[in-house]
Amino acid sequence: AVMGRNLALNIESRGYTVSVFNRSREKTEEVIAENPGKKLVPHYTVKEFVESLETPRRILLMVKAGAGTDSAIDSLKPYLNKGDIIIDGGNTFFQDTIRRNRELSAEGFNFIGTGVSGGEEGALKGPSIMPGGQKEAYELVAPILEQIAARAEDGEPCVAYIGADGAGHYVKMVHNGIEYGDMQLIAEAYALLKGGLALSNEELATTFTKWNEGELSSYLIDITKDIFTKKDEEGKYLVDVILDEAANKGTGKWTSQSSLDLGEPLSLITESVFARYISSLKDQRVAASKVLTGPKAQPAGDKAEFVEKVRRALYLGKIVSYAQGFSQLRAASNEYNWDLNYGEIAKIFRAGCIIRAQFLQKITDAYEQNAGIANLLLAPYFKQIADEYQQALRDVVAYAVQNGIPVPTFSAAIAYYDSYRSAVLPANLIQAQRDYFGAHTYKRT
């Protein structure tokens, strides 16, 4: 409800009159009462709401993904004309969007499945928007979407037509998977700095402030530096009294499931999903901590040197995560005939969304230099960083393993990097085993 309200207010602020409807009369009245003088027109029946709109109608749905979306669409259909446009801005599974697009197209309606990132504040002030569906329908709503979207530093709106049917929601799903990876990498950097150097919260804030001034500059690093110094009403550091169980809404899981369907090695992001799952086993972990043995973390040596190693490991880990995510976008584009523009996708992530970061411009540059590049690690800039930073990533992972600090995504990053640069892997033995017990055959070198 808050996302819908804030998007309505964002659209209204650009000079539009916006018809609003909610199943709950109270919620509709509440939005109007809280925003006096705004060009928001309340409606209390679906029929009245639909008939208030100019044709072709442009209806933005912001409802909980799943059955609720189908129910909302079904309630609208009796009052729609051919050519009307429904925009689903929810966190919808892309296969549902493909189905709805197919069904509504058959009835003469347009359907645009649209990823919206930026949370409640982004919805109000300018989100990153990822629309997919009929191109001609997108052209009719593009002027509004371009006005309400976030603006990158160069003034470009963070919205672009992504591709047919479920493409927009797929890109949003991968965005969310990358977000999981970014957050887990940062959490592991925090664990290393705390475990290896016993940095105080103030020192952590200072470190992250410095990091945010360089190549790691991003929304997530920016908010993390603030989190470290936030205190609760008792004067305790808030981060230290928050239970170490990370929840999830399932979008990271969808990204990993899709990687398995496509045969894509999305190892880092998948480890970040599993890290949340193992965090939720709090009671088991507490019990296991009293039974299972392992090393106690020893000091990591020179402070400045170790902080720099962790910074480098974090940046290279982030690059590996994005390389995997964009590789999966390429596989999905081929599978679903979307013809995705990867440089354009990186561009619309530059502002408004949770993963916004300075280095996204480097991804856009890489695809502009070579649109057909198989993997971002092969692009000149990222190859140079990998050359310079891979040793730091190795050192950090080795330290973590020797000292019993779990770093699943840092470990996944170096394992993927080494696997990807290996001309020969031991998979020949696996294939021989498969042939031995199952006559699966094999290819000779």
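Yeah, the Cβs are placed from backbone N, Cα and C, and that goes for glycine too.
Annotation comment: Swiss-Prot describes Lys172 as active site, proton acceptor, evidence class similarity to another entry. The active site, proton donor annotation in Swiss-Prot covers Glu179, and the record cites similarity to another entry as its basis. Per Swiss-Prot, NADP(+) binding site is recorded for Ala1, Val2, Met3, Gly4, Asn22, Arg23, Ser24, Val63, Lys64, Ala65, Asn91, and the stated evidence type is similarity to another entry. Annotation comment: Swiss-Prot describes Asn91, Ser117, Gly118, Gly119, His175, Asn176, Tyr180, Lys249, Arg276, Arg434, His440 as substrate binding site.
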Q | Residue pair Asn91 (NADP(+) binding site), Arg276 (substrate binding site) - Cα distance, angstrom, rounded | A | 20
(Q) Comparing the recorded positions Lys64, Lys172, His175, Arg276, His440, which residue's C-beta has the most other C-beta atoms within 10 angstroms in this structure? (A) Lys172
Q: Calculate the distance in Å between the alpha carbons (Cα) of Ser24 (NADP(+) binding site) and His175 (substrate binding site), and round it to a whole number.
A: 32
Q: Go through Ala1, Gly118, the listed binding-site residues, and name the one with the sparsest Cβ surroundings, counting other Cβ atoms within 10 Å.
A: Ala1
Q: By CA-CA distance, flag whichever of Ala1, Met3, Asn22, Lys172, Arg276 among the recorded positions is nearest to the residue listed as 'active site, proton donor'.
A: Lys172
Q: Kindly assign Ser24 (NADP(+) binding site) to one of the three DSSP-derived states: helix, strand or coil.
A: coil
Q | Span of the NADP(+) site, taken as the largest CA to CA distance across Ala1, Val2, Met3, Gly4, Asn22, Arg23, Ser24, Val63, Lys64, Ala65, Asn91 (Å, rounded to a whole number) | A | 21
(Q) Rank aside, I only need the closest one: which of the recorded positions Lys172, Arg276, His440 has its C-alpha nearest to that of Met3 (NADP(+) binding site)? (A) Lys172
